[in-house]
Each structure stands twice: as structure tokens, then as C-alpha cells.
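Copied over from Swiss-Prot:
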- 97, 101: Mg(2+) 1 binding site (BINDING)
- 97, 101: Mg(2+) 2 binding site (BINDING)
- 242, 246: Mg(2+) 3 binding site (BINDING)
- 97-101: motif 'DDXXD motif' (MOTIF)
């Protein structure tokens, strides 16, 4: 599929509307311990990571993006000492994603950085520095290593689930970056296979287990088909909603690796019709989640220690991700004012 074929579908459409979704999930609740001090620490870390000048346009954008706020929405019960490390990790995830997608980074540098990040995840920082020659990337990699070391003090990951999930994300980032550079547009099924991993949801679900010290992996609970199903539903919901939110930003940079334009090209429909189909997919996922959650309760699986903490944690993640997507300026730009109804019309 060629990029030109996607661009031609939307040539006549200058605006699009996102309808309300997330109407069947639990209401999002902000962690009451998340305060201005925590947010300022995370913002300061982001500014140092990117070497931002105070008051610059990029610094204001990062500050209004409120990258640490996502942690407070999706982990509303964790204690204060865990909020900042998790917030920094989320921020590093977004910023590293931007770096790996940057045309200023050569494909060889990108491969070396992805390989180095995998070594950092396994605590092998000295080895990780060997393939990376760019001094700025080395500096950022050291900062990421420090964040992961701090995070490890608050997460139980004896099975290695979190590290394994992050490694898969980095593997798929390499594939995604290759597709972007070569302007390869996959079909919808192939894209959703990739997006399921590049969305980064798997390590974030692993953090539910690790931060709350549920030890579900060690006890074999995660192998149950119903648990696998709620994980799959949550992953697709988060990935698809993020694609709705990021469409305008990605469109402006010529990035067509998004469910909306790919679906439009596959189904031969316009932009707004494609958005309506994605919104309908989200609503179906929410209904499916409610049914599966009921099955977990009625089957007796909910009686196992930690199961409902995990299932409810996935639902909170889905709802919190929607809330943050409409609150943050990351997808909308400086001066963004969140609409109370979490829907709106946008200009391309």
C-alpha cells in the first residue's frame, strides 16, 4: 500500500470529529498524592533529558504535555515514593519514542540505541555504551538507566515480565522505524499486530502486577484465558484510543502509521467514516471488557488473591489513558484546553 493512496483518500477533508468513547468504564480518579512537587520533578527531568531552555516553545510544550500525569491516572493507589519514578519512566517512554522516530537519527544509530536500551534494561549499562557513538544519545541513555534503576527499587519483577515486555517493545520500535523510513504502509491486521506491542501497554500492565506486588506471574494466574482476554481487550483499547488522539500530530509529520488512515485505505472510506469505525471498535471493546469481567467474577476466578486488583487495574488504565489523552497537550499543542465532554472537532 502506498502513502499516496492514503493521502488521496483524505484530500478533500479538512476537519474531523472524535465522538465520545469510554462511557462504560470506571470513572478515572487521579492519585490524590500526585502534587505540584511531583509534577515539577518530572518536568525538570524532561527538560534535562532534552536540554531544554526555560521558557522555550519546546519546554512549554513538554510542560503542558504533563507526561507524569498519566502515571497518577493509571496507578491511582500507589504511594508517593513510587509516583515520581513511574512518572519519569512514562516520560522517558514518550521522549525516547520521539527520538527513535526522528529523521535526524540515522538508521544505524537507531539500531544501536535500541540494542543499547535492551542492555540497559538488563542492568548491563557498561556494555550498552559500546555500540553508541553519539555523545548526546549516550547522555540520554545514562539518564534512562538511572530512571530504570530507581524504578526497580519499587517494582517486584522476579519473573522478568517487565523487562521482557520492554524488550519486545524496542524490537517492534525498530520495525516501525524501518517502515516509516521506507514509507511502508501495512494492512490493518498487520498494523494492529505491530501496534499491540509498540503501544507499550504490556510493560505498563506488568507494572500493575509489580507495583502492587501481586505476584500473579509467579503464581501462574496470568495464563488463565479470561485474564489473557482482558489484557488483550485493554491493550487494543489503549492503542486505538491513542491513535485517535495522535492522528492530527502524526498527520502533520507525514506519519501514516495510525489505525485511522490505514483503516480508511483498507475499507475505501473517508476520514470521518474511518474515525467513526475506530470509535465503534472502542465501544465494542468496552462492552467486551464488561462481559469478560463478569465472567471472571461468576467463574470464581475473582476469588484468587490479586486477580480483581489486576483486572480493575486494567480497567483503570483504559479509563485513565482516555482522561490523560484529552487532558495533555502532547497530541493537541500548546494552549490546549481540554473539552469536558472528551470529544471534539479538529482541523487538519
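Placement of Cβ uses the backbone N, Cα and C atoms for every residue, glycine included.
Cα separation, residue 246 (Mg(2+) 3 binding site) to residue 97 (Mg(2+) 1 binding site), rounded: 13 Å. With respect to their backbone Cα atoms, residue 242 (Mg(2+) 3 binding site) and residue 97 (Mg(2+) 1 binding site) stand 14 Å from each other. Cβ packing within 10 Å was compared across the binding-site residues 242, 246, and the lowest neighbour count falls to 246. Following the DSSP three-state reduction, the secondary structure of residue 242 (Mg(2+) 3 binding site) is helix.
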